[in-house]
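The feature active site, proton acceptor is assigned by TrEMBL to HIS64. Annotated heme b binding site per TrEMBL: HIS191, in sequence order. What TrEMBL lists as Ca(2+) 2 binding site is THR192, ASP240, THR243, ASP248. What TrEMBL records for ARG60 is site 'Transition state stabilizer'.
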Amino acid sequence: MMKKQILLCCLFLSLFIVSSYAQLQQNFYKNTCPNVESIVKAAVTKKFQQTFVTVPGTLRLFFHDCFVRGCDASVLLANANAEKDHPDDISLAGDGFDTVIKAKAALDSNPSCRNKVSCADILALATRDVVGLSGGPSYSVELGRRDGRISTKASVQNNLPHPEFKLDQLNSMFARHGLSQTDMIALSGAHTLGFSHCGKFSSRIYSKSGIDPTLNRQYALQLRQMCPINVDPRIAINMDPTTPRTFDNEYFKNLQQGKGLFVSDQVLFTDNRSKPTVNLFASSNTAFNQAFVTAITKLGRVGVLTGNQGEIRRDCSSVN
């Protein structure tokens, strides 16, 4: 009886996940805005040329959006109680938001595309483009998402991974969205880009018991120099100390050397359940890229609104 219940539960979950993104397709806008991808890419490229923060800012924005209420661009909404104002979202880079706004404006300047493309799809496309612009893999993006109308601080609570998470916590949170441990590790590889403020990892370099033993000591001492006690909270450190502006597998090589900035990074190597995957990705950039494309495609299907479930927002920061 128990096996039957588990089987039925798994069947229901799989049917729910499939139905939620069944209407997504790569050529969704072929009749309404056939140049959508080239228009978005041109806008993203221009923004990228202005500041590299466009890359990690957009990539992180997509992840935070999809993990809270699904990939519905609700993180972009502005109101008195918005997702983006929650403490877990407050550090999202403004350049990520601006990337979507600029791409939306570029689409709206084309009469055939005006108010035809959702903000959620723009964010998904922009994410693919920033990955490619920083040296990562190109991949096809499924489209057809609708925009959400609701954005609340409460919906963010306990729905985003924290820097001190261990493997079980990471796996549990990602599994909620149909993402496997391998998916989680591949998506964590996005930390090969971007930066973190000192306060997010200070407990690893300053504690009563000293430096976190899983942290490379020389690297920890360098971090102490860059993040002295009472450091300006605006100071930020590269997540990848080796190639911080290139989407590559150096993140995993850094983990092998004890140079994961967060506990949630380094645990991927120190826990024997995830260590083999880290070693695989460290040894093969191709294997990492393939796994990342699989994982981010699955991420882009999380909780999507399609058909009449959502709307096409005329302004990505407000409800029509």
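Every residue, even glycine, has its Cβ placed from backbone N, Cα and C.
Annotations in TrEMBL come from automatic prediction, not curation.
Where TrEMBL records a feature, it is marked here on the structure.
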{"residue": "ARG60", "record": "site 'Transition state stabilizer'", "Cβ within 10 Å": "20"}
{"residue": "HIS64", "record": "active site, proton acceptor", "Cβ within 10 Å": "21"}
{"residue": "HIS191", "record": "heme b binding site", "Cβ within 10 Å": "25"}
{"residue": "THR192", "record": "Ca(2+) 2 binding site", "Cβ within 10 Å": "28"}
{"residue": "ASP240", "record": "Ca(2+) 2 binding site", "Cβ within 10 Å": "24"}
{"residue": "THR243", "record": "Ca(2+) 2 binding site", "Cβ within 10 Å": "18"}
{"residue": "ASP248", "record": "Ca(2+) 2 binding site", "Cβ within 10 Å": "19"}
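THR243 (Ca(2+) 2 binding site) and ARG60 (site 'Transition state stabilizer') have their C-alpha atoms 18 Å apart, to the nearest angstrom. Take the Cα of ASP240 (Ca(2+) 2 binding site) and measure to each of the recorded positions ARG60, HIS64, HIS191: the nearest one is HIS191.
A gap of 16 Å separates the Cα atoms of ASP248 (Ca(2+) 2 binding site) and ARG60 (site 'Transition state stabilizer'). Looking at the residue listed as 'heme b binding site' and HIS64 (active site, proton acceptor), their Cα atoms lie 14 Å from each other. On the backbone, the CA of THR192 (Ca(2+) 2 binding site) and the CA of ARG60 (site 'Transition state stabilizer') stand 12 Å apart.
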